[in-house]
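According to TrEMBL, the protein has these features:
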DOMAIN    16-264  domain 'SMP-30/Gluconolactonase/LRE-like region'
BINDING   18, 154, 204  divalent metal cation binding site
BINDING   101, 103, 121  substrate binding site
ACT_SITE  204  active site, proton donor/acceptor
């Protein structure tokens, strides 16, 4: 695999870069900076990122069928109008909890927006445990809670036949699978399909390729790993020049490029001097596989 190339394309440096999503219409990469409180859009043409500031930690962004975007902001699902830089709340969750926020989110093949919560961190990956839940925002703007007792609700995606939902609760160090009912959005029969090894560290964001294999960004592990969800085997490891790799998605004209977000929060000056690209956005080419276009929220 010597053809694999890694390039830092957006060097502005996020505090916690997350939730990369390819916007085909704009020919651009969307992502968020959670603690930097901004939604960003990077253009491969101008090689510049535009950023829209928001009023709370913003943890995921998704396309919207009717145009523009939906985001998870604090404990709210919200709509974002890009040109107007206008954010409007759709609905709030975790109303009984003063100390949680949304984390990763993604839209399922039927246009429902899945996203989970976690306790606010004391420092990276250190927090009050079992405070999070997994939610779905339906196209009619109603919300369902699937389960609670989550530590850090993280990566999610669906199998190519839409019958399996993949999910990561980071501090379980496991990639899990559920049976999925696309008609109803219901999940069940949870099981672990891969346990991370020590050097892989903490599983974070995740995406799927057109061969049905999962790619998982390993926070503090400085890598993305490719897994076979059927066999539970790791097929490939791609190491990056930063430790805090947070999430990944496919993008570009034919979805053959992988984009990886990273974080710099929790790194001291000495660490940052060794990894000056921490918090940057990386483009990986030459993987030899393509990704699946993101689903837009149908509401």
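Glycine too: its Cβ is placed from the backbone N, Cα and C atoms.
Using Cα positions, the member of the binding-site residues 101, 103, 121 nearest to residue 154 (divalent metal cation binding site) is identified as 103. Using a 10 Å radius centred on the Cβ of residue 103 (substrate binding site) and all shown protein chains, the other Cβ atoms total 26.
The closest partner of residue 18 (divalent metal cation binding site) among the binding-site residues, by CA position, is 103; the full candidate set was 101, 103, 121.
Within 10 Å of its Cβ, the residue among the binding-site residues 18, 121, 204 with the fewest other Cβ atoms is 121. The most densely surrounded of the binding-site residues 101, 154, judged by C-beta neighbours within 10 angstroms, is 154. Between the CA atoms of residue 103 (substrate binding site) and residue 204 (divalent metal cation binding site) there is a gap of 10 Å, rounded to the nearest whole number. Those same-chain residues not listed among 101, 103, 121 yet with C-beta within 8 angstroms of the centroid of the substrate site C-beta atoms are 34, 57, 59, 100, 102, 117, 118, 119, 120, 127, 152.
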